[in-house]
Amino acid sequence: MEGFTSFFDSQSASRSGWSYESLKNFRQISPVVQNHLKQVYLTLCCALVASAVGAYLHILWNIGGFLTTVGCMGSMMWLLSTPPFEEHKRLSLLMAAAAFEGASIGPLIELAISFDPSILVSAVIGCAIAFGCFSAAAMLARRREYLYLAGLLSSGVSILFWLHFASSIFGGSLALFKFELYFGLLVFVGYIVVDTQDIIEKAHYGDLDYVKHSLTLFVDFVAVFVRVLIIMLKNASEKEEKKRKRRH
């Protein structure tokens, strides 16, 4: 947790020194890397559109479930095992993985729409703003400044895995569920920062695999979005329950 605290402390400490000119300061990022980042984020946007299409197909035909999850994982593994020079094939696999992922989280999206469509809109906008802000923070920071967080985040993912494993065997509680939800959100927000800096650093050393880098950021975005949507749905349902109790 100290790593997360130092990240936010460093951001607040440097905020007073920021200006409009500092926001345009990408001198640490070479033109080649800047072009690579543009390609990565453009591909990421296309993957998010494909994911939205997958969610829409679930709403139409109820296709989301175990098979789409397996399809998503299989497409990702196929993509990672495909040589970089097969660019069109890898792009197609990325879009397929994104569509399968959208269908897999389709039931959650459908639940949000049936409860209150504004919750879904707010979750998308909030997640996009958070993703943009933390990505920008990683780009504007000194090179490799936050890469040390990778070890802490990996430990966080291990904690989440074992908590989920234990709760599936021994049964979970509401407090444990909330901890997993909020702690998981914190972990994957941290991954946005670390993965962005990792992509920049790899690009500086010649790794310009924009498809793989887009996949990395796509996984981070979906992980954050799912948790934000669940939190907003839970808060909305609790408010609705309180209103019902007051009426009766």
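Note that Cβ sites are derived from N, Cα and C of the backbone, with glycine treated the same way.
Just so you know, TrEMBL annotations are computer predictions that nobody has curated.
For 40-57, 63-81, 93-113, 119-139, 146-163, 169-194, 215-233, the entry in TrEMBL reads transmembrane segment.
Non-local neighbours of the transmembrane segment (40-57) in the same chain are 63-64, 68, 91, 94-106, 109, 199, 210-211, 213-215, 217-218, 221-222; each lies 6+ residues outside the stretch with a CB under 8 Å from one of its CB atoms. Taking Cβ pairs closer than 8 Å, the transmembrane segment (93-113) reaches residues 43, 46-48, 50-59, 63-65, 68-69, 71-72, 75-76, 78-79, 82, 119-120, 123, 211, 214-215, 218, 222, 226, 229-230, 232-233 in its own chain, all 6 or more past its ends.
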